[in-house]
């Protein structure tokens, strides 16, 4: 019984591998056109310290991490929520440490 299970598992693996080769046979032109269409759909990102209240997932990336849309109520009694793209401090420190290590060894 165990031998039958091993043989069936081997056949399933071979069939899935052979079907994945068919996917790899797509023409290069088709792949490039799909990638070009995907890039044109990308929307512009919101720079750091700019208003992101219209789309809270639109913040730009820094060199390593994506900025986060942070919302707060400013002092002064105004009850209007303000949202800006900001880099969390722990990510800022990680980027600085990584840059120092790169400069030290690079």
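The backbone N, Cα and C atoms fix where each Cβ goes, glycine too.
As written in Swiss-Prot, here are the features:
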- 45-60: disulfide bond (DISULFID)
- 52-69: disulfide bond (DISULFID)
- 59-85: disulfide bond (DISULFID)
- 71-83: disulfide bond (DISULFID)
- 1-20: signal peptide (SIGNAL)
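The disulfide-bonded residues 83, 85 differ in how many other CB atoms lie within 10 Å of their CB, and the one with the most is 85. Residue 60 (disulfide bond) carries neither a helix nor a strand DSSP state and counts as coil. Sparsest Cβ environment among the disulfide-bonded residues 59, 60 (other Cβ atoms counted within 10 Å): 60. The highest number of surrounding Cβ atoms within 10 Å, among the disulfide-bonded residues 45, 52, 69, is found at 52. In this structure, the C-alpha atom of residue 69 (disulfide bond) lies 4 angstrom from that of residue 85 (disulfide bond).
Its own atom aside, the Cβ of residue 71 (disulfide bond) has 11 Cβ atoms within 10 angstroms in the protein chains shown.
For residue 60 (disulfide bond), the nearest neighbour among the disulfide-bonded residues 52, 71, 83, 85, judged by Cα separation, is 85.
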